[in-house]
Structure formats: structure tokens, C-alpha cells
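Novice: Feature table excerpt (TrEMBL):
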BINDING   GLY14, SER15, GLY16, LYS17, GLY18, THR19, ARG125, VAL134, TYR135, THR198  ribonucleoside 5'-triphosphate binding site
BINDING   SER35, ARG40, LEU61, LEU62, VAL63, GLY88, PHE89, PRO90, ARG91, GLN95, ARG169  AMP binding site
DOMAIN    125-160  domain 'Adenylate kinase active site lid'
REGION    34-63  region 'NMPbind'
REGION    124-161  region 'LID'
Amino acid sequence: MSKLFRAVIMGPPGSGKGTISERIAHSFGLKHLSSGDFVRENISAKTEAGVLAKTFIKKGLLVPDHVMTRLLLPRLEEMTKCSWLLDGFPRTLAQAEALNSACDLDVAINLNIPLETLKERLRHRWIHPPSGRVYNMCFNPPRVQGIDDITGEPLIQQEDDRPEALVARLRHYKDIAKPVIDFYKAKGILYTYSDTETDQIWPNISTLLSTKIPTIQSDARCASTH
Ligand SMILES: Nc1ncnc2c1ncn2[C@H]1C[C@H](O)[C@@H](COP(=O)(O)OP(=O)(O)OP(=O)(O)O)O1
Ligand SMILES: Nc1nc2c(ncn2[C@@H]2O[C@H](COP(=O)(O)OP(=O)(O)O)[C@@H](O)[C@H]2O)c(=O)[nH]1
């Protein structure tokens with residue numbers, strides 16, 4: 001019988017979650033849901049959760065679990081006819097448990113990328129904040145340096161992507177992600193990929209999803225967000 005497909009993608013900053021999510025959305029027709037994009041949308045729209053979230057992000061902190069779940073879960077519950085891939089959520093065990101109460105996941109993809117690779121990638125990461133589009137000056141450069149391909153607007157580098165900031169971010173990520181990884185391992189849905197190149201990992205993820213997704217009904221395939 002056909003069913004909807006639900007997946008999450010996890011990994012430290014710079015591990016390629018956004019890049020791989022876009023490839024999955026494009027190849028398999030899933031909707032790519034980015035928690036960072038949801039947060040930014042709420043901040044721009046000045047929703048109650050968005051205003052609250054901004055106070056934490058400004059201090060370089062994660063948004064608290066109850067704010068994050070209040071922001072995200074209703075959006076997921078609306079998507080009853082859609083297969084999706086969630087990127088950036090859950091970040092903590094409490095978020096994983098809240099998600100588990102709301103829906104059944106088929107797959108949790110875990111990206112395990114060496115620290116030196118992450119540092120190198122983030123050093124060259126440029127983003128277009130209004131759309132969330134991500135570039136890399138070596139891997140996928142924009143057509144014109146420093147300029148977004150679609151809008152022609154300027155690209156920026158995030159303070160957080162500096163190598164000095166990354167080490168602390170990564171340590172924090174490891175501490176909070178470990179229980180989430182164990183949670184999905186215990187459920188038997190964890191698939192971990194380790195390599196220095198997205199192009200090496202991608203065929204393996206694509207093969208995995210090909211075995212999991214063919215039973216999805218065509219009306220359950222939704223367009224990507226970008
Ligand atoms: N699941 C979450 N829990 C708590 N805060 C979150 C969550 N998702 C996003 N946020 C908040 C904190 C982040 O700094 C901010 C932007 O998120 P995101 O776009 O995922 O960027 P990021 O810079 O943390 O991730 P990355 O470097 O891994 O791409 O939104
Ligand atoms: N050199 C290189 N850069 C990559 C590779 N995969 C992704 N990137 C770039 O590395 C940066 C981080 O990737 P991103 O998808 O934003 O990771 P996220 O933080 O996990 O969402 C971006 O600038 C990407 O364009 C790769 O295999 N090699």
C-alpha cells in the first residue's frame with residue numbers, strides 16, 4: 001500500500017544538510033522543510049514565537065524547545081497529504097520526542113563529517129539571507145562573486161561560520177545531538193554517512209531512498225520550498 005514518507009536529516013553545521021536536502025527534494029519530490037527558514041519567516045512576520053525566537057538567536061543561542069515545537073509542529077500537522085524531509089529539527093532529545101508524538105518517521109539521515117572539512121567549508125560559505133540560498137566559493141560558487149544568482153542581491157558570510165566560532169558550535173552540537181542519534185538508532189531508522197565530500201555521500205543516500213520511496217503515491221510528492 002502507498003504511504004507518505006517522512007524523514008529528518010541531522011548533522012553538525014556545514015555537514016551538508018541543506019545541500020543534500022535540496023538534492024533529495026529535487027530527485028524524489030519531497031518537500032524540504034528547514035527549521036532555520038521557519039524561524040526566519042516567523043522573525044520577519046513578527047509572530048509571537050518569532051519575536052521570542054529572535055531574543056535567543058541574537059545571543060547566539062538555540063531557540064528553546066517549547067518555542068521551537070510550538071512553531072514547527074502545527075506546520076507539520078497541516079501537511080497531511082505531503083511527504084517531507086525535515087532539516088534542522090530535531091536538534092535536542094526533547095524535540096525528537098515531541099516530533100515522535102506527532103508523527104512516525106521512516107528514516108533519520110545522520111551526516112558525520114570531519115571537523116577539518118567543516119571548517120574549510122564554512123570558511124567559504126556565503127548565503128543569501130532572504131531566500132536561505134547557500135553557496136560555496138569552491139564547491140558551488142555563484143555566477144558572479146558575492147551576488148545571489150536569482151535576485152542579484154549581495155551575499156553575506158555569517159559570523160558563526162568563522163573557524164573560531166565553529167569549534168564551540170560543534171562541541172555544543174555533539175553534546176545535544178548524541179541522545180537524538182541514540183533515540184533514532186534504538187528505533188532502527190538511523191542511517192549514518194561519513195565522508196569528506198557530498199558527491200561521495202549522495203549516491204548512497206539516493207540508493208537508500210530509492211528503496212524506501214517508490215511506494216509513495218504521486219499526489220504525495222510535493223515541490224521543494226526553494
Ligand atoms: N531545531 C531547532 N532548535 C532550536 N533552535 C533552532 C532550531 N532550528 C533552528 N533554530 C534557530 C537557531 C539557529 O541559529 C537559527 C538558524 O537555524 P539554521 O538555519 O538551521 O542555521 P544554523 O546556522 O544553526 O545551522 P547550520 O550551520 O547547521 O546550517 O534558528
Ligand atoms: N567543498 C565542498 N563544499 C561543500 C560540499 N557539500 C556542501 N558544501 C558547501 O559547504 C557549506 C555547508 O553546506 P550546507 O549544505 O550549508 O550545510 P548545513 O550547515 O549542514 O546545512 C555550503 O557552503 C555548501 O555549499 C562538498 O562536498 N565539498
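Cβ atoms here come from the backbone N, Cα and C positions, even for glycine.
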Novice: For ARG169 (AMP binding site), name the DSSP secondary structure in the helix/strand/coil scheme.
Specialist: helix
Novice: Using all protein chains in view, find how many other C-beta atoms are within 10 Å of the C-beta of GLY16 (ribonucleoside 5'-triphosphate binding site).
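Specialist: Excluding its own Cβ, the number within 10 Å is 27.
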Novice: What whole-number value in Å do you get for the largest C-alpha pair distance within GLY14, SER15, GLY16, LYS17, GLY18, THR19, ARG125, VAL134, TYR135, THR198, the residues recorded as binding ribonucleoside 5'-triphosphate?
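Specialist: Overall maximum Cα spacing for these binding residues reaches 15 Å.
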Novice: With Cβ-Cβ distances below 8 Å as the criterion, list the same-chain residues six or more beyond the ends of the domain 'Adenylate kinase active site lid' (125-160) that contact it, or say none.
Specialist: 13-14, 18-19, 34, 36-37, 40, 60, 166, 169, 198, 226
Novice: Including all protein chains displayed, how many Cβ atoms other than that of ARG91 (AMP binding site) lie within 10 Å of its Cβ?
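Specialist: Total other Cβ atoms inside 10 Å, all chains included: 19.
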Novice: Considering only the binding-site residues GLY16, LEU61, PHE89, ARG91, ARG125, ARG169, which possess a Cβ situated under 6 angstroms from at least one atom of ligand 2?
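Specialist: With ligand 2 as the reference and 6 Å as the Cβ limit, the list reads GLY16, ARG125.
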Novice: Any idea which of the binding-site residues PHE89, TYR135 has the thinnest Cβ neighbourhood at 10 Å?
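Specialist: Least crowded of the binding-site residues PHE89, TYR135, by Cβ count within 10 Å, is TYR135.
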Novice: Tell me, how many other CB atoms lie within 10 A of the CB of SER35 (AMP binding site), whichever protein chain they belong to?
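Specialist: 19, counting other Cβ atoms within 10 Å of SER35 (AMP binding site).
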Novice: For LEU61 (AMP binding site) and TYR135 (ribonucleoside 5'-triphosphate binding site), what Cα-Cα distance in Å is obtained after rounding to a whole number?
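Specialist: Cα of LEU61 (AMP binding site) to Cα of TYR135 (ribonucleoside 5'-triphosphate binding site) measures 24 Å after rounding.
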Novice: To the nearest whole angstrom, what is the C-alpha distance linking GLY16 (ribonucleoside 5'-triphosphate binding site) and PHE89 (AMP binding site)?
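Specialist: Distance (Cα to Cα, whole Å): 15 Å.
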